[in-house]
Amino acid sequence: MKILLVFDFDNTIIDDNSDTWIVQCAPEKKLPIELQDSYEKGFWTEFMGRVFKYLGDKGVREDEMKRAIISMPFTPGMVELLNFIRKNKDKFDCIIISDSNSVFIDWVLEASNVHDVFDKVFTNPAAFDSDGHLTVENYHAHSCTRCPPNLCKNVVLVEFVGKQLQRGVNYTQIVYIGDGGNDVCPVTFLKKNDVVMPRKGYTLQKTLSKMSQNLEPMESSVVSWSSGVEIISHLQFLIKE
């Protein structure tokens, strides 16, 4: 019997947003106004596709993008947390569900040598095309009205837990570690025994606290964190129980 750990990536594992960080590679480290203004709410992945095309057209190559992405700092205490999980892999399964993209996440996990900590990564698929431009696609299509069209983290989580159950893996608990608005939907799937761990001061924590003030039912317990070290102590408490 294992605990399932679900991580977001941007502003959770790494202490920034990989999609906005990559703009450092652009000429003068900024995007033209018309490109900035082309973003439509809910269509971030399409917007990033245009950003990557712009970077490619400006001659920004894969190795330059990679250098920028792997220079992003980890969130405080996160390296310690991932090492703790690695030492206790018999007790934890660990997945990432992220609205970043597969290329950026792979680069970071490989550069920091933590790939083995994660059993699966669910994110928007990305690849370099024959022109050397990074392209990104929606992770899936779904019918959830709360989430952007490219990714409903709740659908991903429910499907993963269901598939694991078919394989005979039943989790005693789910611990969801995230920060953003798109982490609210999957948190509603969590049950009484589960734990949601929102990063202090970020959208997920603010939204959950509003929900509790409005007495909107939340079955799982909420434990906020600002460093991975705080998450370690909570996980230690859970595996000792």
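Glycine is no exception: its Cβ is also placed from the backbone N, Cα and C atoms.
Where the annotation comes from TrEMBL, it is an automatic prediction and has not been curated.
Now, the feature entries from TrEMBL:
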ACT_SITE  Asp8  active site, nucleophile
ACT_SITE  Asp10  active site, proton donor
BINDING   Asp8, Asp10, Asp179  Mg(2+) binding site
BINDING   Asp19, Asp99  substrate binding site
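If you draw a 10 Å sphere around the CB of Asp8 (active site, nucleophile), it holds 25 other CB atoms from the protein chains shown. If you take the Cα of Asp10 (active site, proton donor) and the Cα of Asp19 (substrate binding site), they are about 9 angstrom apart, rounded to a whole number. Asp99 (substrate binding site) sits 8 Å from the residue listed as 'active site, nucleophile', taking the C-alpha atoms as the reference points. Considering other CB atoms within 10 Å as the measure, the emptiest surroundings among the recorded positions Asp10, Asp19, Asp99, Asp179 are those of Asp19. Between the C-alpha atoms of Asp19 (substrate binding site) and Asp8 (active site, nucleophile), the distance comes to 14 Å. Within 8 A of the CB centroid of the Mg(2+) site residues Asp8, Asp10, Asp179, the other residues of that chain are Phe9, Asn11, Thr12, Ile13, Asn17, Ser98, Gly178, Gly180, Asp183, Arg199, Tyr202. Note: the CA-CA distance between Asp8 (active site, nucleophile) and Asp179 (Mg(2+) binding site) rounds to 7 Å.
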